[in-house]
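Undergrad: Let me give you the structure first, and then I'll get to my questions.
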Amino acid sequence: MAILSALGTEVFIPVAAAVGVAFAIAQWLLVARVKVNPAHAAAAASSGGSKNGGYGDYLIEEEEGLNDHNVVVKCHEIQTAISEGATSFLFTEYQYVGVFMSIFAVVIFLFLGSVEGFSTKSQPCTYSKDKYCKPALFNALFSTASFLLGAITSLVSGYLGMKIATFANARTTLEARKGVGKAFIIAFRSGAVMGFLLASSGLVVLYITINVFKLYYGDDWEGLFESITGYGLGGSSMALFGRVGGGIYTKAADVGADLVGKVERNIPEDDPRNPAVIADNVGDNVGDIAGMGSDLFGSYAESSCAALVVASISSFGINHDFTGMCYPLLVSSVGIIVCLITTLFATDFFEIKAVKEIEPALKKQLIISTALMTVGIAIISWLALPAKFTIFNFGAQKEVTNWGLFFCVAIGLWAGLIIGFVTEYYTSNAYSPVQDVADSCRTGAATNVIFGLALGYKSVIIPIFAIAVSIYVSFSIAAMYGIAVAALGMLSTIATGLAIDAYGPISDNAGGIAEMAGMSHRIRERTDALDAAGNTTAAIGKGFAIGSAALVSLALFGAFVSRAGVKVVDVLSPKVFIGLIVGAMLPYWFSAMTMKSVGSAALKMVEEVRRQFNSIPGLMEGTGKPDYATCVKISTDASIKEMIPPGALVMLTPLIVGTLFGVETLSGVLAGALVSGVQIAISASNTGGAWDNAKKYIEAGASEHARTLGPKGSDCHKAAVIGDTIGDPLKDTSGPSLNILIKLMAVESLVFAPFFATHGGLLFKWF
């Protein structure tokens, strides 16, 4: 028996979630002490300040040609415009997504309810035919309810993240006047608010859902946890639309702003004369914050659901061991406590005093959280798991020890760190790969593109080996359950990962606000330094998301194969092989759709920005005012319209294949999409990240080599901007969305597995 009692488990999980929420609120209150409202700012300045975070510190320099009041007024106006634009877009997007959510909920209920002809009689259990489980109709009802819960939680996670980011961006800009360390603390604390809110809300909603469903299901844990898989499906389906819609929005604006402003008109990034500049800054929040928040919430929900489904048909479920069953939730609970301690290292224990200390501080967050989490996993594995137990392994029960399971979680955790650092090596301009890409700009945009593509393909090698080793070791120890908890291990420090990830767009917005408010060059240098570090850490976050998606998808695939009654997936079988080759094609089709969508939206944006520069008198001279609202509308309309076809491709493929061709062909589709999707996602994200940081390397001119390639506006710099523009849809739209594609198809197949097993394969039955 486990040392930790069922009562201890029931107390520890909600308490850990409550601590995470309380910490997020505390961080938000600290950020809120920086006043953006001009009247409040004046009152705060006159009252002096506290030592903690330097909120009342004197400015270390005066602005050039601007007094303090004017700076605060301008920052407040720009922040309000960005916040209103982001809120407007999300509400428009959520209206469309709400319609989809309602229709798909009905589809889930009808498909799953029809498995036993909408019968209300108890049925023999799938894995224990001598026992009776709850009727299929009620499984359909509860699966639909958990789908809606997951979807709503995902939408709320994205919305809260966006509100926090737009609340913090101008505050980061204003704090940059006191030094780079003060600005870093505000940006990082704001990211931590999002990280802890999302991790805690995801955990507590899942925990409450399990306990409420248990009131009906009682001893039928197989049915209970099968219906819980809808939670992961809801989370990921909303994440898909958030990532694709937000990604199209942000990159359409970014490409339009860069091509006309920086390349054609030779004006700085985020120059207030550029009509697309507000849309660009709005895009950072709806794509990189709201979309990314929903994405990582979906990963967390799916990895938890995959582990719970596999455990429910193992000794934990058979013996009704509640503590052992909740092991995935206990790992996430420990992760919240570990991330809380880790965050204090960045905000309270150490102070950043120079630009060069920013990136190491963020990297230390990853190392500290991983090291502490390893200890945390060891403790919770010892307390929550029996010394020996059995795990379901394709029709048999495999004996596993608690230390074996600890090793599965730990290997996922450390594989994530390896993927993160390899990603950093290939996307940070501190290392030779990106510097080589920057150097290739000497001979024009073509060689820049060639070098960038080569870098992206090469960057796939080590992460794939790390994922492969994790899969082999964890499967050897604990079958599919081992892979599910390895994915959970990779996501166990999600609060820190999200804090680092959200920090990037907040810093990017802060730089844009500094430029638009006309603040001094020194302030812009500081915000650029924060942004450059954020670019690298954002790439690390994408690496984590893709790596965990591979493990989550494989765990869900294993659960689907077991639930659908497929004994062996034989690749030499024609039914499986056609699925395999079609599945491998799907990421290319999806990437083509999303990239073309960005291209189409960017085309309209470029034409509008050119029109305004040519038709508005005095715009280039700074005497005319650009029409920001039209550019915001172009991005909004294009992204809403263009997100539907890629979303439909992902959501309809499992339904069509499973219904018409059956579970064997669908298992081939899932395997093919997983294998090719992971490779394309890693290479696309890293190529785009490398092109972006090669451009920033030339712009910063921090080394002798970089200065030979610059300055801004040189032919070399223009070639780098073109590379960055090509990379934008790769790193912020197609790449990050692909990890959702492979996870979402797998979890959708698992949810609909009872229907496919009973009624699927219509074409093969007819012919």
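Glycine is treated like the rest: Cβ placed from N, Cα and C.
Just so it is clear, the model here is predicted, and its values are computed rather than measured.
The transmembrane segment annotation in TrEMBL covers 12-31, 96-115, 135-162, 183-210, 327-346, 366-384, 404-427, 448-473, 479-500, 544-564, 576-595, 649-682.
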Undergrad: Between the transmembrane segment (404-427) and the transmembrane segment (135-162), are there three or more C-beta pairs closer than 8 Å, counting only pairs 6 or more apart along the chain?
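TA: Touching, no - the transmembrane segment (404-427) and the transmembrane segment (135-162) miss the threshold of 3 or more Cβ pairs under 8 Å.
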Undergrad: Under a criterion of three or more Cβ pairs within a distance under 8 Å and sequence separation of at least 6, are the transmembrane segment (448-473) and the transmembrane segment (183-210) in contact?
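TA: Since fewer than 3 Cβ pairs under 8 Å link them, the transmembrane segment (448-473) and the transmembrane segment (183-210) do not come into contact.
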Undergrad: Based on Cβ pairs under 8 Å, which of the stretches 183-210, 479-500, 544-564 lies most in contact with the transmembrane segment (366-384)?
TA: 479-500
Undergrad: Do any residues, 6 or more residues outside the transmembrane segment (183-210), come within under 8 Å Cβ-to-Cβ of it, and if so which ones?
TA: 13-14, 16-21, 23-25, 27-28, 30-31, 34, 53, 146, 149, 153, 156-157, 160-161, 164-165, 167-168, 171-173, 175-176, 224-225, 228, 231, 235, 289, 293, 296-297, 300-301, 304, 308, 326, 329, 332-333, 335-336, 339-340, 343, 346-347, 352, 358, 361, 494-503, 506-507, 510, 526-527, 530, 534
Undergrad: Compare 135-162, 327-346, 479-500, 544-564 by their Cβ pairs under 8 Å to the transmembrane segment (96-115) and return the stretch that comes out on top.
TA: 135-162
Undergrad: Would you mind listing the long-range same-chain contacts of the transmembrane segment (12-31), meaning Cβ under 8 Å and 6+ residues beyond its ends?
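TA: Beyond its ends, the transmembrane segment (12-31) has Cβ neighbours at 4, 52-53, 164, 167-168, 171, 186, 189-190, 192-197, 199-201, 203-204, 207, 326, 329-330, 333-334, 336-337, 340, 343, 347, 495.
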Undergrad: For the transmembrane segment (544-564), could you work out the same-chain residues 6 or more beyond its ends whose Cβ comes under 8 Å from its Cβ atoms?
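TA: Same-chain contacts beyond the ends: 126, 226, 229, 232, 292, 295-296, 299, 302-303, 305-307, 309-310, 313, 392, 394-395, 412, 415-416, 419-420, 463, 466-467, 470-471, 479-481, 483-484, 486-487, 490-491, 497, 663, 666-667, 670-671, 674, 678, 681-682, 685, 735-736, 738-740, 742-743, 745-747, 749-750, 753-754, 756-757.
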